[in-house]
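TrEMBL has this to say about the protein:
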COMPBIAS  A:1-20  compositional bias 'Low complexity'
REGION    A:1-22  region 'Disordered'
DOMAIN    A:30-172  domain 'DUF1468'
TRANSMEM  A:30-50  transmembrane segment
TRANSMEM  A:62-83  transmembrane segment
TRANSMEM  A:103-125  transmembrane segment
TRANSMEM  A:145-163  transmembrane segment
Amino acid sequence: MSPRDATANPANDAAGAVAPPDERPWSPRIAALLFLAAGVAVLGWAFAIPEGAIDQDVGPRAFPLLVGVGLCVAASVAVVQAFRGSDPALTEQAREEARLTEWRPVAALLALLVCYLFALAPCGYWQSTAVLFALVARVLGSRRILRDALIGLVLALAVYFLFDRLLGIHLPPGIVRLAF
Amino acid sequence: MDVLNDLMGGFGSAFSPLHLLLAFAGCTLGSLVGVLPGLGPATTVALLLPLTFVFDPTGALVLFAGIYYGGMYGGSTTAILLNVPGETASVPTTLEGHPMARSGRAGAALATAAIGSFVAGTISTVGITFAGPAMAQIAEKIQPAEYFAVMVLAFATVTAVVADAPARGLCSLFLGLAIGLVGIDSLTGQARYTFGVPELYDGVQIVAVAVGLFAIGEALYTAARMRRAPEEQMLPVGGRIGMSPEDWRRSWKPWLRGTAIGLPIGALPAGGAEIPTFLSYNVEKRLSRHKKEFGKGAIEGVAGPEAANNAAFSGVLMPLLTLGIPTSATAGVLLIAFQMYNVQPGPQLFETQSALVWTLIASLYIGNVMLLVLNLPLIPLWVKLLRLPRPLLTAGILVFAALGVYALSQNAVDLGIAVLFGLLGFGMRRTGYPVAPLILGAVLGPMAETQFRRAMAFSEGDWTIFFTRPLSAAILFLSLIALAGPMAARALRRNREREPEPVG
């Protein structure tokens, strides 16, 4: 927010601790491990698929097994590469991303989207969409809340009118029904 | 002659007022959304998928052909003026187009990109017209084992081209394949990876996956970097939009060469647009008499790659229509649009949906002309669009992404899935995992499995069938080369760099 943010050491608030400049960021290692975990899960659940009739040559389990093994193998290689840091370009990219990333707006955006998906049906499409638009703009740094709310309202009403009334795609009307 | 008759029939239908209007709307919407920074053709098509709920299949596909082409046109505008490549295939355009814009020659760069795309698009559409039906006839004779092998080849090339490291590309691909597994197995009715959630019995909504990965992921990425990343500087369009005689002289050969490079590579079942654009860029650099200008704004470096890009993109429609195999992320999203109408592209498409196919092809010709007419005079308008404040732009993207996903089933579950995939896309982008293989795996996976099981049934469970049939074995061998080739090249280069050290 303040101009100092840009010049302060960005590693500070990203990781919560001061990282020495030559240390490799953790994100590639975490990502590779997550892929490996996904591979193990795919493989594990593949065994839970009941095989169909016996006379079939290849049942519903074979392809999932293939996919699970493939994911495990590829992810294992990625894990090894990430921990050995054998890809300097990736390390550089991850460091750059860590330097430029602020987590607060990301979390705020995700929270907004989750609220939106729960608000949609009870509050109505155009009502929640107008609010979503204004709040997203605010999270992303817009400071003209009145203007954004107005644009959001017009946009939401236009979409609602076009899709619900003209094209017949049902969108939740919410508590306040429109006269038109 | 048959082809010409069919094409005439297609034009007859494409020239109907509704279809003309739809083609026009598609081109405008496509360029409009494609121009917006951060939105490449794949995202553009994914964002506009909900429009397919409204029209009949033919009308919708005409609309989408326009969006597809328009999105590509729009991408060159951002590449030139903002130095933002919408996807990897636009990188060469940023290399030469942006320096041109910086030296006040944006008008010429934009014009050569637009006219070159028109030339390439038109020639390629002629190619599709005549080679498409023939390719469909060949495709009809392909057995499941070969079909599966071709899909593996498509997977391998997409993975190899977009990933710097094949392991990460393969992770993305296999995760996509796993997502494609979710749902009821079509052959035996077994539920797989549904965890008892009834909404998952039909599988994960692929539109939610695409919109989440591309649009929501992009929004999160913007949010994360908005304060610390330097804002892209928009350049004013210098001079008038158009080309001097000198520009024409230097452009027309690159256009044709770019088309000649882009069309055949794009049309291969393993094509894509990245290889031909970079190839064209290198060819122009080598052949040019203005070698010193390269890197500082050589018009050949915009004309050639832009033509190659467009030709390859049109070429991509060949395997998409005749084999049902998309070879780029954008084509993958386009295939989703087809499938939403229960139109399954493949060898039979030209016979069973003859009217639809030919209307679509005719509308490609029309779309090309429209884009040229529409885009050159409207460039100043697109430029104004580029000045939209980023927060409002992102908010708008999210609104339309949510609308598209929600309208699918009028169910918030899909929206939740899209948000999850948005988070995944954001994470993958930050850690160097390409998303194109994922989307292709998710779209093509179920088809690949069907062909795989058919082949296995044919061989009575003998796994070697893929290697004992010569054609299938050859295609699989090619896939291996496609994957291992770049790796080997990198290893070789590294060795060569290392060698001098011990000597000294």
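Cβ coordinates come from backbone N, Cα and C, glycine included.
Over the domain 'DUF1468' (A:30-172), the average per-residue pLDDT in this prediction is 89. For the domain 'DUF1468' (A:30-172), residue counts in helix, strand and coil come to 111 helix, 0 strand, 32 coil, using DSSP. Note on the transmembrane segment (A:145-163): residues 125-127, 129-134, 137-138, 169, 171, 178, 180 of its chain, located 6 or more positions outside it, place their CB under 8 angstroms from a CB of the stretch.
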